[in-house]
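Enquirer: One structure is given below, represented as structure tokens, and several questions about it will come after.
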Amino acid sequence: VLSPADKKNVKDCWEKIGGHGAEYGAEALERMFLSFPTTKTYFPHFDLSHGSAQVQGHGKKVADALANAAAHVDDLPGALSALSDLHAHKLRVDPVNFKLLSHCLLVTLAAHHPAEFTPAVHASLDKFLASVSTVLTSKYR
């Protein structure tokens, strides 16, 4: 459960990310593909090379979804319902992949914002991403 302090940390972080969301989302995807090659199987039609337009585009989708979740942190199920349906029923993404991408997002954010990435912010973002992952996998059952 996200505390009021966690929610503030998440919202503050997303404000700092600002216009870099798509860039960070794409970088996190690239990290995931390189670190966990099995995740590539969900993107057989993508050019997965560094800087590809498809990875950039999907990175923007990831960033936009997370920005929406951060803006609606008190109603994650409502904010992410359509994405949960999509990933569970159409794309059939293995739930473990959300944890892998979450880890890569944390690494990316820490690399770009080391001064702001305090232990408290790290913990808040980790809890937020875990909550997002839980909501995204809720319709698998």
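Quick reminder: no glycine exception, Cβ is built from N, Cα and C everywhere.
Features from Swiss-Prot:
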type    : residues : note
BINDING : His58    : O2 binding site
BINDING : His87    : heme b binding site
DOMAIN  : 1-141    : domain 'Globin'
MOD_RES : Ser3     : phosphoserine
MOD_RES : Lys7     : N6-succinyllysine
MOD_RES : Lys11    : N6-succinyllysine
MOD_RES : Lys16    : N6-succinyllysine
MOD_RES : Lys16    : N6-acetyllysine
MOD_RES : Tyr24    : phosphotyrosine
MOD_RES : Ser35    : phosphoserine
MOD_RES : Lys40    : N6-succinyllysine
MOD_RES : Ser102   : phosphoserine
MOD_RES : Thr108   : phosphothreonine
MOD_RES : Thr137   : phosphothreonine
MOD_RES : Ser138   : phosphoserine
Enquirer: What is the one among the recorded positions Lys11, Lys40, His58, His87 whose Cβ has the most other Cβ atoms less than or equal to 10 Å away?
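Expert: The largest 10 Å Cβ neighbour count belongs to His87.
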Enquirer: What is the interatomic distance between the Cα atoms of Thr137 (phosphothreonine) and Lys16 (N6-succinyllysine), given in whole Å?
Expert: 28
Enquirer: How far is it from Ser102 (phosphoserine) to His87 (heme b binding site), counting Cα to Cα, in Å?
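Expert: With the alpha carbons as reference points, the distance is 15 Å.
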Enquirer: Per residue, counting other C-beta atoms within 10 angstroms of the C-beta, which of the modified residues Thr108, Thr137 reaches the highest number?
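Expert: Its Cβ has the most other Cβ atoms within 10 Å: Thr108.
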Enquirer: Where DSSP helix means H, G or I and strand means E or B, what are the helix, strand and coil counts for the domain 'Globin' (1-141)?
Expert: 114 helix, 0 strand, 27 coil
Enquirer: So what sits near Ser35 (phosphoserine) in its own chain, CB-to-CB under 8 Å and at least six residues off in sequence?
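Expert: Set apart from Ser35 (phosphoserine) by at least 6 residues yet with Cβ under 8 Å, we have Leu100, Cys104.
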Enquirer: Are there residues of the same chain, six or more positions away from Ser138 (phosphoserine), whose CB falls under 8 angstroms from its CB, and which are they?
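Expert: Listed in sequence order: Pro77, Ser84.
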Enquirer: Please identify, among the recorded positions Ser3, Lys7, Lys11, Lys40, His58, the one with the smallest Cα-Cα distance to Tyr24 (phosphotyrosine).
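Expert: That would be His58, nearest by Cα distance.
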Enquirer: On a C-alpha basis, identify the one among Lys11, Lys16, Thr108 that is nearest to Lys40 (N6-succinyllysine); the candidates are the modified residues.
Expert: Thr108
Enquirer: Do you know offhand how many angstrom separate His87 (heme b binding site) and His58 (O2 binding site) by C-alpha?
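Expert: His87 (heme b binding site) to His58 (O2 binding site), Cα-Cα distance: 14 Å.
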